[in-house]
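For C:21-38, C:44-64, C:71-91, C:97-116, C:123-141, C:174-192, C:224-244, C:250-270, C:277-295, C:301-322, the entry in TrEMBL reads transmembrane segment.
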Amino acid sequence: MLTLEAVTVRFGGLVALREVSFGLQAGEILGLVGPNGAGKTTLFNVISGLTRARGTIRFEGRDITALPLHARARAGIGRTFQIPQPMKHLSVRENLTVAQVFGAGRHDPARIEEILDVMELRAQGDRDAEGGLALQELKRLEIAKALATEPRLLLLDEVLAGLESQAKRQFMGKLKELHARFRLTIVIVEHDIETISGLCSRAVVLNFGQVIADATPAEVFRNPLVVESYTGTADA
Amino acid sequence: MTDLILQALFSGVLIGGVYALVALGLALSFGAMRIINLAHGELVLLAAYCAYLVETRTGLDPYAAIPLALLVVAGVSAVLFLMIDRIRQDRELNSLILTYAVGIILTNAILLAFASDVRSTASPTLQDAVTLGSVYAMTGEIIAFGLSLVLMVALWWWLKRSWYGRAVRAVSSNRAAATLMGISPGRTELVAFLVAGALASFAGVALYTMSVIQPALGHALTVKAFVITVLAGVGSIPGVFLGALLLGVTEALTVTLASSALQDLAGMVLFLVVLFLLPNGLFGARARRG
Amino acid sequence: MAPAHRDPRIPAPASGKPWRNAALVGACLVLAALPVLLGASNYLLGLLISALILSGIALAWALLGNLGGMVSFGHAAFFGVGAYASALISARLGVPVLLAIPLAGLCAALSALAMLPTLRLSGPYFALAILAYAQIFRILATEATGLTGGGAGLQRFPGLPTILGLDLGSRTGSYGLLVAMVALSALAYEAIRRSHVGTALRAIAHSEDATRVVGVNSVLLKAWMLLLSAFMTGVFGALNAHIIGFLEPAYAFSGLWSVMPIIAAIFGGYRTVLGPIGGAIVIYLFDQLVAKDLIAVGHQILLGLVLVVMVLIAPNGLLGLLKRRAGGRPHADA
């Protein structure tokens, strides 16, 4: 459903992504792995339209390379930010309403309540999204906002960071539930091998802006090239 | 016809020098505080009226008014700075409105003090014609242009070499980091504001020696300064200088080839063309998109 | 985590107290009817008519500032275009005045289309770009003598008609029409503010990228606010033209039509709907009845002072100040 062809991003002299190409099947959960600064978030920015890139991006057969940020959301691509970016001074419910009305093009309050329930945010529904939420609640709001736009592709940027191992396992279950319930295709950036192995059918490894491996998680983490690039961060 | 055009080019360059001084002051306070001082043109005009006052009251050369102009404009600038510094909420928007209001006050204060008549220097020396080949200029214009060049080089040197100049650049590029390095943003901003005021003082006195002044001019000067910063793209002193010359020449050519009523339109059209076609200004740079 | 203080700039949702809103609307209507009921002189009605024209522009300005997050220093452009468009459409094309007025609003909105590239600019640059536009418009109007009559002015165009026995051209009729138009504008403003578009615009003002990434076309929404604000201003420019019966570029495109709405809206509280309306009436009457008496030429110096004081002491305007007092919010952050 998503195809990247030779995507390249330069920031001044720095090459953040170099000729990145890979495809994504509908319904897949793809793990995006790589050391810090490898270009994972940049790749999300490119797919969601926040950063312009050379190369071609196709989504559901359509060339979306030239589509601006807001149009990518409408086309069916939802994303979260590693550092949560709620719409400030709006309540949690208003955040979801704006996302739904403009991202999905329809207003369905029942579905917003459903998303609030799934993301365990109902009690916080009327709180101010900036000042009234704890960090983990903000992270759940990130996902809830993206879900409200009714995406078919969801990009998750380190949504499990900062969770205890028990809570992490629970949250992985939650992500699987979302995947099935909303018929999503998911790309998830994650450092933890266990999470990737437990969640994803496939992993793509980025290093210095290049794809160095693309296979099942088990194969990827046996790949000496990956282990070398990843030593020190993999167990962190 | 060629002579007329040459003359227009020459006069345009000369007035462009003063425009550059006006624009540099605006750009400096914007660079340091991220605030466009909409009263900047009025500060320039205030200095021009200081020159008028000194000339008519004492009979001295208008340039003798520079100490007075510096004092008056620095005083007003300091008050303006203190007011801007008090703004806590929506700083960008409220400072814009505040400086705009100060502009209204200054324009009307000048109107009350000096009436709406058009004034210009009576000095015969400054109005002497100097002929350079087929073009001529008033002595006042030549002196003003020379003064502008000297001040621009001085400003460039100050920003590059002096501690305060470097502090101003540090604060304007990263306020938080500058604070960590022990630079007080408040004090640096005040210094930048006062230097902008000093530039305005020289620009105002120079303007009076080579052109005509009236109370409504301040607003127009602010707009010109803004147009020049857009032409230049935010940032460099040479960019502002070239942008100012371009504006001066465009205005002068319009007056020569079309009519003086269209003088301001020419600058505006130039501004729009750059805005539409070259969103980063004529001379590169960045930082004005939202 | 700190308790969620509501940002004082964001009006609290008023939906909880419909009776209060109804009472407020009622009070406003009674207040508006009072001058006519008390048999105010034509002079006073004339002043109030001008004040209401200003109310309309101030409301349009505040709509752009509050919802669109853009400060304009050039609303005179829309006012002038609306005034000339209505005069010319009714005089040259023979279109009925009451139809020419909304058409003039459309013309003002069309002229705002030329300003759309400025939406890419950030705050202060946008403000100044609009100011430049206003200057261009004034010069063009002065030079296009064939159309506008140039500096000589334009006075052969129809006044307001008589509808259902009510002479809108009379002082009382014009006053009534303007009260209705200002009320209509306020309702439109309030309806937008409460709509999803209003919520999205509020989000854009504080977190633009976060809002765009969920599918909001922020430039488009801002563009709509600019066009709507231009339309409203153009309509009031047109109304004013037909009431005054005379136009010249120096008047129709006067910088005052840019300055006065700002002062009025800031004075009353530009983040509210009633603030700009009330602010315009107070400021205009103060300027005409008090300031002009004190200082004949240069009386706007007092308005400048008012503006400075408001920005420094009460940036949320008088209404914001009153609300804070009444709400007893202890965390005043100004």
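Glycine too: its Cβ is placed from the backbone N, Cα and C atoms.
Heads up, TrEMBL stuff is auto-annotated, nobody curated it.
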Contact call for the transmembrane segment (C:250-270) and the transmembrane segment (C:71-91): at least 3 Cβ pairs under 8 Å, seq gap 6+: yes
Which range wins on Cβ pairs under 8 Å with the transmembrane segment (C:123-141): C:71-91, C:97-116, C:174-192, C:277-295? C:71-91
When only pairs 6 or more apart in sequence are counted, do the transmembrane segment (C:174-192) and the transmembrane segment (C:21-38) reach 3 or more Cβ pairs under 8 Å? yes
Per the 3+ Cβ pairs under 8 Å rule, pairs at least 6 apart in sequence, do the transmembrane segment (C:277-295) and the transmembrane segment (C:224-244) touch? no
Go through C:44-64, C:71-91, C:301-322 and flag the stretch with the largest number of C-beta pairs under 8 Å relative to the transmembrane segment (C:224-244). C:71-91
Paired segments the transmembrane segment (C:71-91) and the transmembrane segment (C:44-64) in contact, 3+ CB pairs under 8 A: yes
Determine which residues of the chain contact the transmembrane segment (C:44-64) at the Cβ level, with the cut-off under 8 Å and only residues 6 or more beyond its ends counted. 35-36, 70, 72, 75, 78-79, 171-172, 174-175, 178-179, 181-182, 185-186, 189, 192, 225-226, 228-230, 232-233, 235-237, 239-240, 243, 257, 260-262, 264-265, 268, 270-273, 275-277, 279-281, 283-285, 288-289
Residues from the same chain, set at least six apart from the ends of the transmembrane segment (C:301-322), whose C-beta lies under 8 A from its own: 8-9, 259-260, 262-263, 265-272, 274-275, 278-279, 283, 286-287, 290-291, 294-295, 334
